Amino acid sequence: MSLFYSYFFGVPGGTWMALSVAGYITYYLSKCVQRPVMAVNPDSKFAQFLTSHLSVLQEKYWPTPWCLEARLQTVLGSLFRSQLPNIDYQRELVDLPDGGVVALDWHRASFKGAKKDDPHPIVLLVPGLTGSSQSDYIRSLIHVSEKIGASCVVLNQRGRGGVKLKTPRTYCAANSEDLGFVIDHLHKTFPRARLMLTGVSLGGMIVGNYLQQQSSAAVDKVLAAMIISVPWNVFVGCASLETPHLNLMLNRHLADCLVDSVKMHEDVINHENAPWNWKEVCKSRTIREFDASFVVKQFGFRDVEDYYTAASLNDKLHRIQVPLLGLNAADDPFIPFNGVPLEQVKQTSHVAIVMTSHGGHIGFMEGMLPFRQNYIDRVFAEYCRAALANPELIQQ
């Protein structure tokens, strides 16, 4: 034993460092660098389309080796994207039937649809929980939009992106009425333009719920869709975010953002006939508490379980008739691996989910220097470009 200790402590520090680096490189190459898993019905036309036209899905995903931890991917991914310049938009306000208003921000550099009969395709982006057209992940997608050959437009929900809230109603994951109205508006304004949808996180849930609620009725309006970092099963995602300590910190930060977002419109939301208790709303410390005190009462759900059941997509995929590609990371703290419906997807005809081993929530940084394009951007650009170039194939 004394001989062992003598040998162990006699090894130079540099040798241990070299062994540690070699061990980490071995772990990284064998466990982290992998081709993404693609869950899809192998007999579907959609599976054939993805295999034939998206070479990025055949490549290995190389997560940033010095930032493998999911929460770090989430936070640093957002931090690096926040350095992107703001986008120059042309704003269009859309009045809703109940008196509310949303804003469509058109990317000036890609906007071509100036005439009603213009066939130039359109990509509609739907941001996440408290997002807008200037959210870092939206700006990142916009920056690669020139590779798509389409006009890009962002939907700013009620009260978001500097839009004044005109009624006490905001938005939620289970309600796609505003998105549906905007899609109909675009379809009427540009009837010859093919439309693609892309939603991120909660925005992806709204897109998914629009597609499952409309089912075959959406086929004539939407060519294809992509949703990113979506909590497919809200119960599983919410439970993950309530796990101490780091996940719970993210949860409370987002709850604070939600409370701040409604406080910005207190003059409209806090009225004497409101079914919610304003003080209870403002005391919300978690997303679940905010949903229970505000969203549930605003949209008429029985309770938060009723809302989460309506918002979850995992048991409604069979209703979707528009080609839908989902992108998730297995280590996403917002929706862990066991909450992603990989098996259910295989029973559908128009839905596929691509899952990487790492990436966190809307992180997906890759390479040693992840300061430019990330994995989301590459999949988004290639999918949109392939769908728009082959509309007759993707909608088979």
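Cβ coordinates come from backbone N, Cα and C, glycine included.
Feature transmembrane segment, per TrEMBL, maps to range 6-29 of the set 6-29, 222-245. The Cβ of D332 (active site, charge relay system) lies under 8 Å from the Cβ of A70, S229, G359, G360, H361, each of which sits 6+ residues away along the same chain. The DSSP secondary structure for D332 (active site, charge relay system) is coil. S201 (active site, charge relay system) falls outside any helix or strand according to DSSP and counts as coil. Sequence-distant neighbours of S201 (active site, charge relay system): residues of the same chain at least 6 apart with a C-beta under 8 Å from its C-beta are G128, L129, G131, I228, S229, V230, P231, F334, H361, I362.
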